[in-house]
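According to TrEMBL, the domain 'MacB-like periplasmic core' annotation covers B:18-227. What TrEMBL lists as domain 'ABC3 transporter permease C-terminal' is B:259-383. Feature annotation from TrEMBL assigns transmembrane segment to B:16-38, B:255-280, B:300-333, B:353-374.
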Amino acid sequence: MKYFPLILRNVFRNKVRSTLTAISIAISLFPLMLLYAFLDLQDDMANSTAQYNRVAVLHEGGLAGQLPIAYVDRVRRQSGVKNAIPMSWFGGNYREERTQFAQFATDPKVFFEVYPEFTCPPDQIAAWQADKTGCLVGTLLAASKGWKVGDKIPLQGNIYPVDLELTVRGIFDGPETSDRSWLVFHFDYFDESLKEARAPNAGNAGIIMLRTDSASKMSPVMQSIESSFASSDAPVKPMTEKEFGASFLEMMGNVRGFIRMTATAIVIALVCVAANTMAMAVRERTREIAMFKAIGFNQNTILGMFLAESVAIGLLGGLIGGVGTKFLFWYIDMSAVDPGLAMFYVPWRTALWGVALAAAIGLFSGLIPAWRAAHVSVIEGLRKVV
Amino acid sequence: MVPLKYNVRSLRARKVGSLMTIFGIAMVVWASIFAFGLSSGLDKTLEIAAEPLDVIVLRKGSTSEAVSAVTESAAREIKALKGIATNAAGTPLAASELVVFAYLPRRGAEIKVNVSVRGVDSVSRALRKEMTIVEGREFKEGVREAIVSRAMANRFQDLGLGDKFKVDGAEFEVVGIFEAGGGAVESEIWTDQAVLAQIAKRTGAMSSMQFRAASAADQERLINHIKNDEQIDLGALTEKQYYAEQAAQSSLIKFVGYIIAFVLTVGAMFAVANTMYGAIASRAREIGTLRALGFGRFSILFAFMLESLLLCVTGAALGCLAALGVNFLLGGIQTGTMNPGTFTEVAFSFDFGPMILLQGILLAVVMGLIGGFLPAFRAVRMKVVDALREV
């Protein structure tokens with residue numbers, strides 16, 4: 001530890017260079033944090049839903065298939081099922097424009113039994129349940145659209161040949177990792193509109209979301225549901241909410257792989273930048289290092305000093321880039337880019353991982369220059385004019 | 001002017017440092033080109049699909065074929081409209097088509113995704129860019145046979161030649177593989193319309209209608225006519241608009257790509273500045289000598305900016321070569337993602353065309369100019385006497 005002041009001085013000796021290196025590491029860390037936060041958040045969301053023991057029941061043919069609404073009651077009666085609701089994807093256009101926020105027709109009476117993590121003032125819930133055209137909007141969606149209770153939301157059918165006009169009756173909130181950028185409305189209102197328009201797909205529950213009594217009931221419930229509908233007109237495929245979420249990620253295809261590849265390129269570029277700086281620091285100090293050796297410093301001390309220096313620069317960049325990105329995204333509203341990103345934030349573990357990565361990059365990039373510094377021959381070093 | 005040779009030699013003299021920087025820049029350019037190539041590849045696929053005179057007719061409010069419906073009577077009425085191009089036999093180039101989903105697993109994956117299956121009629125082929133069967137044969141009418149694109153056959157487990165896949169519980173056999181020079185049709189499975197309609201229990205209405213207008217004026221008139229005719233009561237738009245709208249749905253991928261490229265470029269600028277500062281600091285005496293020899297401030301500034309540019313463009317060239325190399329080795333990087341507008345698979349290839357490579361090189365030029373300016377400026381500001389005195 002007695003070398004600490006010396007190392008610190010070395011770090012700041014060439015201020016321009018150390019600053020440029022730290023900043024270039026910090027800046028390159030920024031997209032890296034963004035990419036990893038994106039992947040981490042997806043995983044976090046998938047994992048956080050696991051505790052609610054929910055199962056999604058789909059048509060065997062996937063999302064495009066249709067499940068009769070009567071299936072909801074049949075599913076609800078299965079033993080081990082706490083409750084079940086239809087979740088019909090409406091996918092309407094808002095103000096003639098294609099929306100990217102989710103709209104689901106569901107059963108308001110038991111919605112919160114299936115989604116207990118969401119909270120909403122009781123009077124708003126009651127108002128929603130009482131108003132057939134009412135809807136409940138997630139906080140993030142409400143904030144990005146500037147909606148408040150009482151606002152009208154006209155939705156033009158895209159999948160279905162009907163237009164709906166919803167009224168915001170309440171705003172629901174939920175934990176940090178939950179998606180709060182969607183809205184729910186009455187299935188009855190939706191279905192009656194379809195019947196009025198004589199749409200062929202009336203009476204279709206879309207997917208059915210159910211919650212089991214406990215985690216251990218999930219797999220028996222899934223098995224019994226699958227077998228009890230096996231010979232019907234619309235055979236079903238139940239999957240846990242986590243698997244269901246994963247199927248959406250799978251739809252993105254190689255995009256996740258592409259993100260990882262880009263991230264790797266960024267890391268390699270970072271190592272090059274940092275290594276370059278350290279190499280310069282060594283070259284410039286050849287004489288000085290020889291002097292150190294001449295007065296009795298051993299190789300390991302010199303090696304350690306240089307490594308510590310490069311780790312310190314990496315760490316500095318890591319703190320600015322990693323923790324800085326985390327704080328930056330408290331202020332940046334990503335929903336302007338894509339409403340699906342309304343809940344984007346950088347988790348602590350991603351930020352800290354970035355800091356650690358930057359330190360590791362410092363260590364790795366310092367290895368060769370530090371080794372070279374430690375092995376400078378005293379005579380050669382002293383003679384050398386840089 | 002300071003000869004260029006001087007700068008090249010200077011870079012060579014400090015091999016390790018220069019190589020590190022060049023390599024770093026190459027990685028940055030490589031990552032950026034991949035990001036650009038991904039979003040451009042996706043756009044191009046949809047762009048190729050659009051024929052300028054083609055019109056696509058959908059249900060009012062529908063934004064994609066998959067969720068639209070066009071009744072037989074409306075289709076008949078549209079076919080009878082004047083201004084639709086005809087083929088040699090005098091048949092109007094108008095086809096109503098049925099699009100349904102198959103739910104299939106990608107190769108190497110458990111989870112299934114939606115794939116578009118298009119039931120086509122006899123005119124459909126004439127409305128697409130040349131489709132050629134490269135393996136197997138054409139599907140026969142009236143039986144459960146299908147042809148799939150080469151890209152989809154490569155991406156999906158059950159879509160190889162001779163394989164069987166299910167649509168709504170009914171089994172189809174893949175009898176042919178086609179290629180169409182890119183475009184949206186390469187993300188589709190084609191089969192006989194009547195067979196598909198029967199299986200999907202869709203009678204009386206197809207998903208969409210496509211036709212080719214005889215001229216641009218006819219195109220506009222027909223679109224307005226369809227939109228305003230209460231009997232028809234459908235929406236119509238040019239194919240170009242249709243695919244542009246689909247492409248807009250992938251804005252997220254594009255945004256992520258561009259932000260990565262931008263931020264990395266800024267980061268790389270600092271790296272370049274760093275290298276150049278180092279280069280200039282260790283050459284103070286040389287610079288003093290050059291000045292004493294009579295080279296002006298401007299030519300020194302110019303020389304160092306050039307050196308920085310040289311560094312960056314070399315890096316960029318390496319990055320481009322690496323991207324092209326990977327692309328060549330893999331025989332074109334084919335990938336696919338979900339079209340968020342339709343929830344179906346789009347297969348596409350990365351685009352490493354000249355425009356994309358140029359963008360990568362431009363990034364490097366920007367890096368070199370901005371990153372090199374301050375260090376070069378510093379070199380210029382040094383007093384000759386001080387510079388010569390420096391050790």
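The backbone N, Cα and C atoms fix where each Cβ goes, glycine too.
Because the structure is a prediction, the values reported are computed rather than measured.
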Requested in this report: Kindly report the helix/strand/coil residue split of the domain 'ABC3 transporter permease C-terminal' (B:259-383) according to DSSP, in that order.
Outcome: 94 helix, 12 strand, 19 coil
Report task. Determine which residues of the chain contact the transmembrane segment (B:353-374) at the Cβ level, with the cut-off under 8 Å and only residues 6 or more beyond its ends counted. Result -> 25, 28-30, 32-33, 36-37, 40, 261, 265, 268-273, 276-277, 304-305, 307-313, 315-317, 319-320, 323-324
Report summary line: Counting only residues at least 6 beyond its ends, the same-chain positions whose CB falls under 8 A of a CB in the transmembrane segment (B:255-280) are 10, 14, 17-18, 21, 24-25, 28, 31-32, 35-36, 38-39, 287, 304, 307-308, 311-312, 363, 366-368, 370-372, 374-376, 378-379
